[in-house]
Every structure is written in C-alpha cells, then in structure tokens.
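Marked as domain 'Phosphotransferase system enzyme I N-terminal' by TrEMBL: A:6-122. Per TrEMBL, the feature active site, tele-phosphohistidine intermediate maps to A:His185. Feature annotation from TrEMBL assigns domain 'PEP-utilising enzyme C-terminal' to A:250-522. The phosphoenolpyruvate binding site annotation in TrEMBL covers A:Arg287, A:Arg323, A:Asn437, A:Asp438, A:Arg448. The active site, proton donor annotation in TrEMBL covers A:Cys485.
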Amino acid sequence: MTAEMTGIGVSPGAAYAPVARLAPVPAPPADTGPEPDPAAALATAKAALEAVAADLDERAEAATGTTADILDAQSMMPRDPALADQIEQALANGRSTPHAVIDAYGFFRAALEAAGGYLAERAADLDDLRDRTIAVLLGRPMPGLPDPGHPFVLVAKDLAPADTAALDPDTVVAIITEQGGPTSHTAILAKSMGLPAVVACPAAAALADGTEVLVDGGTGLIVPDPEPGRVRRVLDAEAKRAAALAASHGPGRTADGHAVQLLVNLGSQADLAAAAAVDSEGVGLFRTEFLFLDRETAPTVDEQVDAYGQVFAAFSGRKVVVRTLDAGADKPLAFVDHGDEPNPALGVRGIRLARTDAGSSLLDDQLTAIAAAAEKHSAEVWVMAPMVATPGEAAEFADRCRAHGLPTAGTMIEVPAAALRASRVLEGCDFASLGTNDLGQYTLAADRMNGALAELLDPWQPALLDLVSLAAEAGREAEKPVGVCGEAASDPLLACVLVGLGVTSLSMAPSAVAAVRAELATRTLADCAGMAARALHANEAAEARREVAAY
Amino acid sequence: MPPENVHERRVTIASTVGLHARPAKLFAKLAAEQPAKVTIAKEGQEPVDARSLLMLLTLDAKGGDEVVLTADGDGAEASLDALAAELQTNRDAP
C-alpha cells in the first residue's frame, strides 16, 4: 500500500476515484543494431510511420478549420520521403530500428531549431511525432489522454496545453501532476474547470493505473487506498463546502462592509453562458484574442460587433472590461507579419502592435466594433490596453478610445515600469487593472513557460505584491479604480491580501468567485491590511503564504 | 552544367510568411503529384526534394527570396510551370 503524499493544492475541492495515468512517452530500448535485415527494418519503420500518420488523418477528419489544417500538415511529416531516407541511412550506419527513427527525427529537429523563431516551435511537434512512432514500434499505446471508460483521477508528470484541450470534465474528477507550480497551465485550467488539482507532487510517480485515491485540491493531500470511513468524512466535508459556497451570494464585501467588486475573467464565447450565470458584478477581463488567433484573415468589424454584442447582452446591466487584442510574436497572427523576434515576450506585443500600420488599423477596427456593440446593449463597457509601459502610451490609448466614443479607458499594469509610475499612468486614463501573471514574469525575470522557475512565478512573491501596493496606492490618491485580474485574485487568502493592499476589484476564473466571496466575508478591512503587512514582510513566496495562512 | 534533360526555373516566393506553414504544405503536396522529380534550392545551397515538407522547412525560404527549381523526367516543363505558379501565389492572402 502506497503512503499518503502531498503536493501543492492549486484548485480546491475533494474527489475519490481510480487513477488513470497520461500514457507516458515510451523509453526506447538500448540500441541493439545493426539490424540483421535493414530492408525489413526499414519496412517496419515505414509501417509505424504510416500508422502514426493514419491516426492523425483520423483526428483531422473529426476536427475543423485551423485544427484540421494543422493536423493535416502534421500527418505529412511521418510520410515525408526525406524522413524515410534518413532512417534508411541510420539503419545502414548500424542503428537499431527505434534508434534509426530517433536519429531521423533528431536530424530535422536540429535543422529546425537552428533556423530559430517559428520553425524552432515546430521542433516540439517533431518530438511528439517521434514519441508516437516509437510507441507504435514498441507496441505501446500512443502518448495521450487515457480513456478507461469511467470517471478517473488524471495523473501525469506534467500536462501540456495539447493534452488538456481534449479534457472531458465529466470523466476527469481531479488532476495530479508530479511537476508544475501554482501558475502552471494545469493549475489555471483546473481552476477554470472547477476541478480539484494538486501539482508539484513528485511522489505521485508511484501511483499506478487503477489505484483508488482520495484527492484534496485545497490542502494538496493525496491518500491512496483510503479507508471507507475517511472517504465518507472527506466527501461529506466537500459536500458541506460546496453547499456553503453555493449559499454565498451578492456583491463582494469584507466582514465590516467594505465593498470589493468581484468579477470574472472571460476568454471565449464557449465559456460565456457559464460565466454569465455566476453571481458576479461583471467581467473584469474580457480577452478578445479568441477572435483573432487561429485564423488566416482578420475578423471584420461586423463580425466583431456581433461577438462583443453577445457578451454585452449576456452581462446586460453589469460591467464588462474589454481588453484590446494582446497578440505579438508569442501569440502570432497569421495575417500580420511579426518578423523574427528572438525574445517575443519582450517584443512587439499588446498595445505595441499598434505602432505598426497593420496593428494600428486592427486597433481602430476593434474600438469601432466595441463602441458599436456597446451602443446596442446596456452593459457598462470599459476598455483597457495590454502591455502599456509608459504614461504616454496610456494617455494615447485613452484618447483613442474617447475618439471612438468609449468614455471609460484604462491600462493593464503588467510591465513593472507602469506599476512604478502608476500615478502618472493614471493621470492620462480612468482606471488600471493589474495583470499579475505577466507582471510576475517581468518583475522576477522568469519565463512563464519555464516550469523550472515555477516558484519565482508564484503570485505570493513579495516583490510582486510591492508593485501591487504601489499601483493601489496611486489609485487611492487619484481616486481611480485599480483592480487585479490574474491568478492571484483566484486564491481566497491572497485575494484578502490584495484587498488589504488597496485594490478595488478582483477578477478571476468564474469557478473561484464563490470561495473568494466567502473568505472575504470573514475578514474585516483591518484584517486584510494586517495580512497584507505580513505578506510584504516575508522574503519568499512560500513564507508569505505561510505567514498569512497563520494570521 | 546540368544535363540537357534537366530543366531549371528561377522563381521569387510570393507568400509573405515564406515557404513555411500552409504555403510549404501546399507546395509539397503539389510536388508529390508531379511525374517529374523536382528539387528546390536557395542560391548557393544544396537542392532539396520538393516533395519533402521537412526539407522545405529546413530550407527556410522567406517571402521575396529567389529559389531555383529543377525538374528531371517526363513532363519536366509542365511540372515547373505548375510549381512556379504555386510559388508565385501569395498564400497568406484570403
């Protein structure tokens, strides 16, 4: 029997179900080459490549639009004559069949990586195809999501966005990963789906398929083969917690009545109905990228008016903060030439795109569409720009919004420069919203995509909280709202800290609203200020969390 | 010097993104349909098999780059016509 284990609980809730592991990438056996019959070995390798391509074809048929286009291009790669040539050559050089396949993919991977930029990203696609081919050669399942036919706890080393895209919330009841951190993709996804999740639990490597586990996504505790009495107690407590959350309603306020707007983040039309059904005061961050990414031409103004109108209609009478397009070399648009950027997170992204002619007209079209949609509906529409660094950029954007008939224009604060000079930034616009995910990445100089730096990206980092404090203080002096939209606002304890630092609204995953409201209702504003002081006094993120939890 | 039955054509790539992504896919598919064996090269570099999407990607030909197509075998001229026309079509455009 496996002992209890703990990781970092990143999405509260408890669940009890058998484990199903993400099919791992198969480890290739030792190189036993040369193959006695290289011609037969080449035929075997080609058959495996064809099986991989055929599987992709099947999935491309089920998909539509861009996804189908991508899968179609992917299926050409295993069938590529040059790949077969490389395998033949590696076999002739005395490699075993699996190692000849690895070498052949490696050859193209190195060539693509050397080219850099867009092509270097395709290198990861080749790794995936290589792993699939090896799995077929070894008679193993192709790497990917399990489908045991009953509800299960998904266990994985880590989850890639591609793995989670197909996740079915009806069958996956909780997620455990060996790696990852509080701001990892897994954590964000689990929170948005309301699934209990535990990350950074290396001991989970020992959990085998079929083992019954009890998972607590709040405390991070995982109990394999628990006693029935314990399961009942935990699930009873979970039912009570869910009921308490369901009972919490109305606008956010502290125990002594200080109002804090609780808002939801919205990133796609698919999530709209569920987001609108949540008891909140509106949308604090409406990400508009979904209209622009994964397509070959820019959306027309009419198409945008329609899409924004659907959101404004669903939030009729409530506030909706629209963030203008945040694209760039890290989220490239097919219809804009982004050029080669060696460092896309620091490049022409967000409002900086408007420096180019193409980006400037995209922004004008977008503001025209937002204004037209706002005209037709009764939502209170605010607009803000991503990646603002200077007061000049903030003022210029606000002027542009007003010229389009949009009266309330603000600034995302995700660049440290904008936080440091928040009072000047607020002189030229009406409000600010702290994007703590990017602000953390830029403050700690830690790439959000780099799992090895997860603890630097922890939203409890005191340096990040210092910048939140500066911006909130500037807002108080200017008597302009300064909110937080980012993972930080989804954590009930951290939400209290943010309120203590002076932020006026919290925007979060819709599933997090009830828990944040319930926590906030138990603390006075003075409590929140005390918690904030403790967090700022800490040297490390983990220490800040510990100190505040003990408050 | 190419042998007499080998035909050659110089073409400038029209797609802004270059011979990547969708333009590369369409070109490789078309090349695979040709009876003649076609290669493509950037100036001063080794020619690669035009049917190979992977080799096309490693060629890293950008929009506005000039490339050399060569075709060998039956219908070489017709193959060059078709493939040159494909490269001269801007596949970024809607």
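For all residues, glycine too, the Cβ spot is worked out from N, Cα and C.
Taking A:Arg323, A:Asn437, A:Arg448 as the binding-site residues under consideration, the smallest Cα distance to A:Cys485 (active site, proton donor) is found for A:Asn437. The predicted model assigns the domain 'Phosphotransferase system enzyme I N-terminal' (A:6-122) a mean pLDDT of 86. In the three-state DSSP classification, A:Asp438 (phosphoenolpyruvate binding site) falls within a helix. Ranked by Cβ neighbours within 10 A across all protein chains shown, the binding-site residues A:Arg287, A:Arg323, A:Arg448 are led by A:Arg323. A:Cys485 (active site, proton donor) counts 28 other C-beta atoms within 10 Å of its own C-beta, drawing on all protein chains shown. Its Cβ placed at the centre, A:Asn437 (phosphoenolpyruvate binding site) has 19 other Cβ atoms within 10 Å. Secondary structure of the domain 'Phosphotransferase system enzyme I N-terminal' (A:6-122) per DSSP (helix as H, G, I; strand as E, B; remaining residues coil): 74 helix, 14 strand, 29 coil.
Pairwise Cα distances among A:Arg287, A:Arg323, A:Asn437, A:Asp438, A:Arg448, which the record gives as the binders of phosphoenolpyruvate, peak at 20 Å.
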